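The structure appears below as structure tokens.
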Amino acid sequence: MFRSTLLIALVLLLAACGSNKVEPMSYYGNTLEEFEAVNQHNETFTSENMEGRVWLANLIFTQCITVCPPMTQNMTELTQDLEKADLENVGVLSFSVDPDTDTPEVLSEYMSWYSPGESIEWHLLTGYEFEYMRDYALNNFKSIIKLPQDGSNQVLHGTAIYLIDENGTLIKDYTGVDAGDNKFETEEIIKDVKMMTGNLK
């Protein structure tokens, strides 16, 4: 009996010590579809560039006057905290939901307003059609994007931040901007990223 109990305890201990994964939320666990885009430096960025690195992703557009500025500021401060934690093999992807307006030059100007951690790669992506991103966001992030109505230029989109593992698997999401009882949880994100990047060298 004692040997059995000891064996079970040892197995559980080894499992805990060897685990570096965050369990996917029940509605995620899907692998992102392949994509090709360009970033704010007018460089091609594809899903292949994601391999071997953990990513935090969100949806933005530069003309946004509501949720995007505080969400981008939250992400900026998060990259600073990731840098202070000396975390490697982690990057950020921000997909534009208004690609016709958000050219690489516009995205580059947008990023000049912020001061992200210098060691953390942050790619603002464009270079695709709106319809493509609308379908991609729905199929991969389970997020709805809608064109503005009544002459507005404000595209409707989700505000979550998504955690993607080194194989392109969508793991979970976080609140990207404070809204009511839902708060942006920097410590939770950093804890998960530390766990996910533990064995990536």
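Just so it is clear, glycine is given a Cβ too, placed from its N, Cα and C backbone atoms.
The model shown is predicted, which means the values in this text are computed figures rather than measured ones.
What TrEMBL records for Cys64, Cys68, His157 is Cu cation binding site. According to DSSP, Cys68 (Cu cation binding site) sits within a helical segment.
The disulfide bond annotation in TrEMBL covers Cys64-Cys68. Its Cβ taken as reference, Cys64 (Cu cation binding site) is surrounded by 19 other Cβ atoms within 10 Å in the chains shown.
Sequence annotations record features per position, and here TrEMBL assigns signal peptide to 1-21.
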Next on the checklist: At a 10 Å cut-off from the C-beta of His157 (Cu cation binding site), count the other C-beta atoms across all protein chains.
Outcome noted: 25
